[in-house]
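All remarks here apply to the structure that follows.
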Amino acid sequence: MTAPSQVLKIRRPDDWHLHLRDGDMLKTVVPYTSEIYGRAIVMPNLAPPVTTVEAAVAYRQRILDAVPAGHNFTPLMTCYLTDSLDPNELERGFNEGVFTAAKLYPANATTNSSHGVTSIDAIMPVLERMEKIGMPLLVHGEVTHADIDIFDREARFIESVMEPLRQRLTALKVVFEHITTKDAADYVRDGNERLAATITPQHLMFNRNHMLVGGVRPHLYCLPILKRNIHQQALRELVASGFNRVFLGTDSAPHARHRKESSCGCAGCFNAPTALGSYATVFEEMNALQHFEAFCSVNGPQFYGLPVNDTFIELVREEQQVAESIALTDDTLVPFLAGETVRWSVKQ
């Protein structure tokens, strides 16, 4: 006899960290987000990056054009910070409701980040303006110096960049994105109300052993890279505690299969189809389902000063198999947990 399925009804969630790419890839991946989430913070690391109001408006329209009829989805656009960015352009975009936040990529930290910031001092006028107007700063928190081990880059970023920055601009709202370490979990938990964090499903579900033991699993390779089990455990404990300044940010980052399964593969997990069920599984494993809705649907809007969504969705607890791949025009896309049986999924 099979156990009856369970249903979780939650306020419609938002994704506070998402890559949608552009062109045909954009058209393929947008529906996986727009059918589930009310809003998403869209990353600006296109080629070339989104650095002007005009570019953000055009990109937003391309996203909206890819949203299927019947989906009620609002993309929240971000500005890519560069050493040469004009603070007036940033403020104009924020005041006009085009830019929700600005994104700090240390130069060469991740995909399409070669235009990123070379030093905090180089963009201090921009950051001071953001502090003044109340615009959130979203941070990819890794140092990129060649001599620093890839597994240490987040912890080093906290001491060398994040803490000095927050000491200098004490009123600046900062989201420490896709945190992956106990160091970052402790730092955010011990911080004030102007510091928050997002966490991905892969960093809650897996550690570096899952990616490297018994063969390299390229579809678990993302940046920041998966860390040791002690770090994974710290992240799980943070979300399970009900801490209200951590929220859902999938960092869903699609790459065609041939760009992942290669001699020099790209970083990123395309988790949009399976992320919400993955988060539910983690919260269930941690006996913390009472905090699941807040993590997905309340904490983010609260930090950004936005209303929560007024519609609801349901997740059902019944085993389903994830597709092995998703068709692209001239390749395929391998989703997070491809071919695996998952416990929770969004009720269709």
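Each Cβ is built from the backbone N, Cα and C atoms, and glycine gets one as well.
Zn(2+) 1 binds His17, His19, Lys103 as Swiss-Prot records it, and from the list Asp251, Asp310, Asp330, Asp331 the residue named for this site is Asp251. When Ala56, Ala58, Ala234, Ala267 are compared with the substrate site residues His19, Leu20, Arg21, Asn45, His140, Leu223, His255 in Swiss-Prot, the one appearing in that site is Ala267. His178 is the only one of His71, His115, His178 that Swiss-Prot places in the Zn(2+) 2 site (with Lys103, His140). Other Cβ atoms within 10 Å of the Cβ of Asn45 (substrate binding site) number 23 in total over all chains. For His19 (Zn(2+) 1 binding site), other Cβ atoms within 10 Å of its Cβ number 25. In three-state terms derived from DSSP, His17 (Zn(2+) 1 binding site) belongs to an extended strand segment. For the pair formed by Asp251 (active site) and His17 (Zn(2+) 1 binding site), distance between Cα atoms is given as 5 Å, rounded to the nearest Å.
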